[in-house]
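Asks: Here it is, the structure, as structure tokens.
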């Protein structure tokens, strides 16, 4: 039983439930300056503040897109940015019924005593930062822990360390009014089969919920952002129905019914793959006490980015590409995606990056 008694408890529960509204999901636009620089470089656009702002403004002002979203995760820079007409992005999102979120981790560092496994930094001063972000309008937060599958990985040490880091982050967020998104990402890198991924996912999620319980985290005021259960990147692909079955079973075995929603990361899948897999999960006839939705970054932005190319004259077309993906994923949260989205440039290409750094 959680003994959590934050003054924010009712607000946390309401906001977590709202983010998990079927038909809506999260746009992850919280790429660090370095990561968004790589995205911009792929379309030959310079990584300067004005270009980063232009890309985010393109996304946030797309007609018809925001009704498909319940939240947008921002990088600290974007939390304080304004659109070209002077409207703060936070106000723009809130007026459209979209909750602003904030990435609060400080990236990964190697975990001593392991074979290249990592732990996530950012707990120092986290309470003060959360307080500041809440005052700036943020209502949820994200912290990414990263695990990998190998012959002996993930080690028990890495699982424990990352689970407890996520739990400490979660309770600090809740003390300061932010709904924590708990993100234990198991990288798709490797040649393992889907059964191996399922077994590891179950181990990791079980450890996370034990840690959250130990820290008295209010589960009704949290969200889970896991990987889908898939074969490794060097293995043969399987059908969306197979991914759906293995993923939902792993979640049934480990995620308490008190959690309102599970928002999947795309993990380097192509835009279309990620949507089809989410749709298959929502079509599955089985027990699902939580809503199943999306928190996609690359899988919502790739075709938009390619279409835009940094050119003002392409903004309208790029926004049309973004709307296509938003609508497709909105339908997938209802199990209603027909696979008929007009595929923009790059929509079918794998977005996998080995050992991905966010």
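Each residue, glycine too, has its Cβ placed from N, Cα and C.
Pasting the relevant annotations from Swiss-Prot:
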| type | residues | note |
| --- | --- | --- |
| ACT_SITE | 183 | active site, proton acceptor |
| ACT_SITE | 225 | active site, schiff-base intermediate with dihydroxyacetone-P |
| BINDING | 39, 266, 267, 268, 298 | substrate binding site |
| MOD_RES | 2 | N-acetylserine |
| MOD_RES | 68 | S-glutathionyl cysteine |
| MOD_RES | 173 | S-nitrosocysteine |
| MOD_RES | 173 | S-glutathionyl cysteine |
| MOD_RES | 350 | phosphoserine |
| MOD_RES | 354 | N6,N6,N6-trimethyllysine |
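Each of these features: where is it, how hidden is it, and who are its neighbours?
Replies: In this view, residue 183 (active site, proton acceptor) is surrounded by 26 other Cβ atoms within 10 Å of its Cβ, with every protein chain counted.
Within 10 Å of the C-beta of residue 225 (active site, schiff-base intermediate with dihydroxyacetone-P) there are 24 other C-beta atoms, taking all protein chains into account.
Counting Cβ atoms from all protein chains shown, residue 268 (substrate binding site) has 21 others lying within 10 Å of its own Cβ.
The Cβ of residue 68 (S-glutathionyl cysteine) lies under 8 Å from the Cβ of 23, 24, 25, 326, 327, 329, 330, each of these being in the same chain and 6 or more residues away along the sequence.
In the shown protein chains, 33 other C-beta atoms lie within 10 A of the C-beta of residue 173 (S-nitrosocysteine).
Residue 173 (S-nitrosocysteine) falls within a helical segment according to DSSP.
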Asks: Roughly how many angstrom lie between the C-alpha atoms of residue 266 (substrate binding site) and residue 225 (active site, schiff-base intermediate with dihydroxyacetone-P)?
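Replies: Taking the Cα atoms only, residue 266 (substrate binding site) lies 10 Å from residue 225 (active site, schiff-base intermediate with dihydroxyacetone-P).
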Asks: Can you tell me the three-state DSSP label for residue 298 (substrate binding site)?
Replies: helix
Asks: So, in DSSP terms, is residue 266 (substrate binding site) helix, strand, or coil?
Replies: coil
Asks: Based on Cα distances to residue 183 (active site, proton acceptor), point out the closest of the recorded positions 173, 267, 268.
Replies: 267
